[in-house]
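> Summarising the annotation, Swiss-Prot assigns Zn(2+) 1 binding site to Cys43, His64, Asn163 and lists similarity to another entry as the type of evidence. What Swiss-Prot records for Cys97, Cys100, Cys103, Cys111 is Zn(2+) 2 binding site.
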Amino acid sequence: MSDGAVVRALVLEAPRRLVVRQYRLPRIGDDDALVRVEACGLCGTDHEQYTGELAGGFAFVPGHETVGTIAAIGPRAEQRWGVSAGDRVAVEVFQSCRQCANCRGGEYRRCVRHGLADMYGFIPVDREPGLWGGYAEYQYLAPDSMVLRVAGDLSPEVATLFNPLGAGIRWGVTIPETKPGDVVAVLGPGIRGLCAAAAAKGAGAGFVMVTGLGPRDADRLALAAQFGADLAVDVAIDDPVAALTEQTGGLADVVVDVTAKAPAAFAQAIALARPAGTVVVAGTRGVGSGAPGFSPDVVVFKELRVLGALGVDATAYRAALDLLVSGRYPFASLPRRCVRLEGAEDLLATMAGERDGVPPIHGVLTP
């Protein structure tokens, strides 16, 4: 498509106001690129943006799990990223200046130049060229973008799992240093919970338990065994501490809490950890929500290691793409709902619990 051609994008102008706007494609220079979006995965962040629970600088084009084909690329960008026009790529949410101490140390989530302000799917449209997210037919890639090549035999829809699976690998294995034989408990059976279970089992965990809550999680818990779980527990029915102890004779070496808007889950994560165990907290609770039932003294008496987890890095993303290509787990057959631009609002409302029916485990926008 030529420079100046008109393309469509979905713009979130305000909470629950998602509209189609037209944008002209920018001229690509030596250091930037343009991606034809084939698929963009949706997660909890997307529906929190949609409802306004996650405050943003309206208006913006959402979408931070983009997979697409390079439509145009400058020569220096081609050399920097190691990709060419026609290659399928996954676009990381963070940008990296590649120069500050954080970026040189691999912590580009904390890039001094970009940080959280320049995440794809969050940048206001009044910053040219406006096409800063995956809810669009084309997405602009700035010079400091981070992209990964996607194998040609991996469908774009499945490839969008590079993001949640990368999170599962980093949160469930890398950060807690999960070892072969470890007992791992994953709280939350959403896409990132299933991915964390798969990653832990893939790293050699001896036993993996996944927990959920009530009918909304029933289908997800039923899938857990296909993604590495040895035990799935509905905490509305059974005590997860008792269930894990019965199966393993003890508590978890590693607990990964990926629940969202579930304040009481943190106390449960602490209860599930063995003395000197590790608890990774990746699910956010919302400002001011607190942690009902949590006593800091338990952390002291059990000498727990409690670690926060923010985002993913290139190492985990590459491992995720390799795992997807391997076919070890049935990610391709995950129950997913794919929609065009016109169907995005209904899908987001469903994921936010504002429509009848159970939200899909994997939501994908295919512009």
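Placement of Cβ uses the backbone N, Cα and C atoms for every residue, glycine included.
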> Between Cys100 (Zn(2+) 2 binding site) and Cys43 (Zn(2+) 1 binding site), find the distance joining the two CA atoms and give it rounded to the nearest Å.
30
> Report the member of His64, Cys97, Cys103, Asn163 (the binding-site residues) whose C-beta atom has the most other C-beta atoms within 10 angstroms.
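When each Cβ's neighbours within 10 Å are tallied, Asn163 leads.
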> Do you know offhand how many angstrom separate His64 (Zn(2+) 1 binding site) and Cys97 (Zn(2+) 2 binding site) by C-alpha?
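On Cα coordinates alone, these residues lie 19 Å apart.
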> Out of these binding-site residues, Cys43, Cys100, which one has the fewest other C-beta atoms within 10 Å of its own C-beta?
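Lowest Cβ count within 10 Å among the binding-site residues (Cys43, Cys100) is Cys100.
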> To the nearest whole angstrom, what is the C-alpha distance linking Cys43 (Zn(2+) 1 binding site) and Cys111 (Zn(2+) 2 binding site)?
24
> State the count of C-beta atoms found within 10 angstroms of the C-beta of Cys111 (Zn(2+) 2 binding site), not counting that atom itself.
22
> I want the residues beyond Cys43, His64, Asn163 whose C-beta is within 8 angstroms of the mean position of the Zn(2+) 1 site's C-beta atoms, in chain order.
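Going along the sequence, the neighbours come out as Gly41, Leu42, Thr45, Asp46, Glu65, Val93, Gly121, Thr160, Pro164.
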